[in-house]
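Have a look at the structure below, then the notes.
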Amino acid sequence: MLPFWIALQFLGSLPIRLPGMPRPEELGRSLLFYPLVGVVFGMLLLGFSALLSGTPLMLHAALVLSAWVLLSGGLHLDGLADSADAWLGGFGDRERTLQIMKDPRSGPIAVVTLVLVLLLKFAAILALIESHSSIGLLLAPVIGRAAMLGLFLGTPYVRSGGLGQALADHLPRGPGRKVLAATAIACVLLAGWSGVAVLLVCAVCFFWLRQLMMRRLGGCTGDTAGALLELLELAVLLTLALL
């Protein structure tokens, strides 16, 4: 179960302590447990939302979103911000885009992107709470993290060295595809036709975002993987809120 604990530590802010430095093979296998980490986060969000029952709706939605951000430690939002800055500031140039991604400072495009994504997430969560449809709080973390597995399965990693390279190089391809298939089936079983609609929308978003990465970078980075997760979580919530 060490790969699961690696995934849980890497993807969130829960107080997980590993017994030592993981081997590259264990890092690669940890990707297989990303959807399961999404299940853990989703169940925590569902439980927290249930505790807030009776709270004013806007406050309820704001607290759920705050808990969501705290669970992930803002890791993927940071990737989204870096990607937004790099995409507009890179002017279509691969090396300039990669260089801007490494800059820890956030420009105005990053701030605007984060505000818009969080605002849309808040509005979608509010709509789901109003309609007593909480399944999105489970599906969004699961699909977002499954998308990261899918990205590493079929997309070159363009930064040599580091954690991302170890993940990409040592990911078991066959089991990874089975995990993705099982995740998709579970989403449909849980949400029925709504789950089918969510998967279709997310598939379109996934392949479009992957195509953007391939055209600009020839692959993905940790930042673009985090951006993908955030945008697919948003796609899940918006799809369910609009159905």
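Backbone N, Cα and C define each Cβ position, glycine as well.
Values in this document were obtained by computation on a predicted structure and should not be read as measured data.
Residues annotated as transmembrane segment in Swiss-Prot: 31-51 (among others).
Outside the transmembrane segment (57-77) by six or more residues, the chain places 11-14, 41, 44-45, 48-49, 114, 117-118, 121-122, 125-126, 129-130, 137, 141, 144, 226-227, 229-230 with a CB less than 8 A from a CB of the stretch. Look at Swiss-Prot and you will find 57-77 (among others) tagged as transmembrane segment.
According to Swiss-Prot, the feature transmembrane segment maps to 109-129 (among others). Counting residues 6+ beyond its ends, the transmembrane segment (109-129) has Cβ neighbours under 8 Å at 49, 57-58, 60-62, 64-65, 68-69, 77, 80-82, 84-85, 88-89, 136-137, 230-231, 233-234, 237-238, 240-241 in the same chain.
Beyond its flanks by at least six residues, the transmembrane segment (135-155) meets 11, 31-32, 34-35, 37-39, 41-43, 45-46, 49, 64, 68, 76, 124-125, 128, 167-168, 171, 173, 176-177, 179-180, 183-184, 186-187, 190-191, 194-195, 198-199, 202, 206, 210, 213-214, 219-220, 225, 228-230, 232-234, 236-237, 240-241 of its own chain at Cβ-Cβ distances under 8 Å. Annotation source Swiss-Prot lists transmembrane segment at 135-155 (among others), citing sequence analysis.
Feature annotation from Swiss-Prot assigns transmembrane segment to 188-208 (among others). Long-range contacts of the transmembrane segment (188-208) within the same chain: residues 135, 138-139, 143, 147, 150-151, 228, 231-232, 235-236, 239-240, 243, each at least 6 residues beyond the stretch ends and with a Cβ under 8 Å from a Cβ of the stretch.
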